[in-house]
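Per TrEMBL, these features apply:
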type	residues	note
DOMAIN	13-335	domain 'tRNA-guanine(15) transglycosylase-like'
ACT_SITE	Asp90	active site, nucleophile
BINDING	Asp125, Ala193	substrate binding site
BINDING	Cys276, Cys278, Cys281	Zn(2+) binding site
Amino acid sequence: MGISFEILQKDIAARNGRLKVGDKTIRTPALLPVVNPHLPLVTPREMQEMGVEAIITNAYIFSKSSEYRDRALAEGLHKVLDFDGVIMTDSGSFQLMVYGEVEITNTETITFQQEIGSDIIVPLDIPTTPDNPREQVEEELEVTLDRIKEAREFLGPDAPLAGPVQGATFPDLREYAARRVQEIGFDFCPVGAVVPLMENYRYKDLVDVVLAAKRGLSPSTCVHLFGAGHPSMLALGAAMGCDIFDSAAYALFAKDGRYLTTYGSLKIDELSELACPCAVCRNHTAEELKKSPERERLLALHNLYVTLAEIARIRQAITDGTLWELLDIRCRSHPRLLEGYREFLRHAEELERQDRVSKRRFFYQGTESCRRTEVIRYHEMIERFTVGEKVLVSMTGDKMEEYDDVLSFKPPFGPFPTGLAETFPIGQSEVPAWDEAMMEAGCRGIARLAETHPESTVTVLAPADWAAFVRQALPGVEVLE
Ligand code: GUN
Ligand code: ZN
C-alpha cells in the first residue's frame, strides 16, 4: 500500500514513470484534471474514457457542501464522482491561498480525506504567495512542516500522503523545505504556491523555485507541480523533473470563452477556424462552436483534449530523447516562456548530471541549443581524449602530415577523433550552415582540449571565412587557414 514511484525512461530531468497508489497504477507524466463536483463541465467518467487515469478534487468543497459531504462519507468519493481511477484530494490550502483563511484544521481535513476514500491525501499546507517578506515565509514554512509531520504521524508511514514543498520565491527556503519534507518521509511531493507565478508569466522565477525544490528532493520522488496545466508550459515543467500536473485551466478558460493551444490561449470569438484534430473541432465549425448552447462544455472538452495530447507528446519525446526539441518550440510561444527557458539553460550543468547518455538525435535549433546538456557533457568528455604532442583540429577536413593527431570538428560540440564520428552526439547531430553561436561553443570545446592537455600543442585549421572569428575566440592558439 502507500505510494511508490518507478522511473522507466529519462530525458533531461524529465521521466516517464509509473506511480503506484495502493493497487492502482498511473503512467507519468500525468495530467490530473481538477473536478469541481458542483459544476462538472466534463464528467469524471467522460475523462476516464478520454484516457485520464487520475483526477484531483477539493476535499474542502466536499466537506463544506451539505449536498456532498454525507454522500461522500457514506458512499465514498469514487462512487460519488463515478470514477474508479486514482482520486487525489486537496485540503483547502488553495482556498487558503486565495481567500486567506479556511474553517478546517489539519487533522480534520486529513481525517475527512481518509474517510471519503481519497487515494492521495494532502495536508493543510500554507501556500505562501510570492514576494512576501522572508520572515513571514520562514514562519509559515515552519507551520507547514509541522502540519506535514503531524499528518505523517497521524496517518502512519504507509499512508498515501503528499508532502507539499513551500518557501515562496526564496530558492534556499525551497531547497530547505524539500530536504525537511524528504526527511519526514515522502515519495510524492507537490511544489506549491506556484499558481501566482504562472498567472503572471513569471516563468524565470518558476524555474528557480522548482529546480531549488528538486535539489532538496530525492531523484526518486514523484514531483507534482501544483496548479500547472496550461499546455504551453507542460514540456518545461516535465523537463525540470515534474511528473504530475493538475489543471483547472481547461474549465476556467472555457468559462471565459478561451480556446487552449500549445502556443497560448485564444478567444473563441476571434477564431474563424478550429485548427485542431480533436473530436470537438472536427465536428463543429468555429461559428457553430461560438453559438452552441453547449459552448462552455465543448470548449472544456477541446481544452482537455489539447492538454492530454500534449502530455502524450511529452511522454513520446522522453522515450525518443527529443524533449529539448519540443522545449525549443514550446518556449518560443511567449517571450516570458523563452525567459524561463533561458533560465533553465543556465542550470544546464546541474541538469547534465541527470540526463541520459545517448539519444536518438541532436537537432540544432539556434543559440539555445548551444547550452544543451549534450554539449556540456561533450565538453566534459574532451578531457579524456588521448592525443599526442602536436594536435591539429581540422575544421576544413584537410589533413596535414606533420601532426601526431588530426581531430575533426563539429560545432557546437568541438573537436572529435575519427573514432567518435558515428557515436552520439557527433554522429546523430544535424547542424545547419555554421553560425556564430555554435562556433563559439565549438571553440570552447577546442579551448577545453588545450586546457586539459597542457603537454600538447593545439593548432586549428579554419576555413578562410571563419579564421578571424576562431582567432578571436581562441587567443593563444595558432590558427591556420
Ligand atoms: N493548489 C495550488 N497550489 C497549491 C498549494 O500550494 N497547496 C495546496 N494544497 N494546493 C494547491
Ligand atoms: Zn479541438
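Each Cβ is built from the backbone N, Cα and C atoms, and glycine gets one as well.
On the structure: features taken from TrEMBL.
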| residue | record | Cβ contacts under 8 Å, 6 or more apart |
| --- | --- | --- |
| Asp90 | active site, nucleophile | Ile56, Thr57, Asn58, Ala59, Tyr60, Val122 |
| Asp125 | substrate binding site | Ser91, Ser93, Thr144, Arg147, Ile148, Pro164, Gln166, Gly192 |
| Ala193 | substrate binding site | Met97, Pro127, Thr128, Thr129, Pro130, Gln166, Ala168, Phe226 |
| Cys276 | Zn(2+) binding site | Thr261, His302, Tyr305, Val306 |
| Cys278 | Zn(2+) binding site | Leu301, His302, Tyr305, Val306, Ala309 |
| Cys281 | Zn(2+) binding site | Leu274, Ala275, Leu289, His302 |
Reduced DSSP state (H/G/I helix, E/B strand, rest coil) at Ala193 (substrate binding site) is coil
Once DSSP output is merged into helix, strand and coil, Asp90 (active site, nucleophile) belongs to strand
Those recorded positions among Asp90, Asp125, Cys276, Cys278, Cys281 lining ligand 2, judged by a Cβ under 6 Å from any of its atoms, are Cys276, Cys278, Cys281
DSSP output for Cys281 (Zn(2+) binding site) maps to helix
Of Asp90, Asp125, Ala193, Cys276, Cys281, the recorded positions with C-beta less than 6 Å from an atom of ligand 1, in sequence order, are Asp90, Asp125, Ala193
Around the recorded Zn(2+) site (Cys276, Cys278, Cys281), other residues with Cβ within 8 Å of the Cβ centre, ordered by sequence, are Leu274, Ala275, Pro277, Ala279, Val280, Arg282, His302, Tyr305, Val306
By a three-class reduction of DSSP, Cys276 (Zn(2+) binding site) is assigned coil
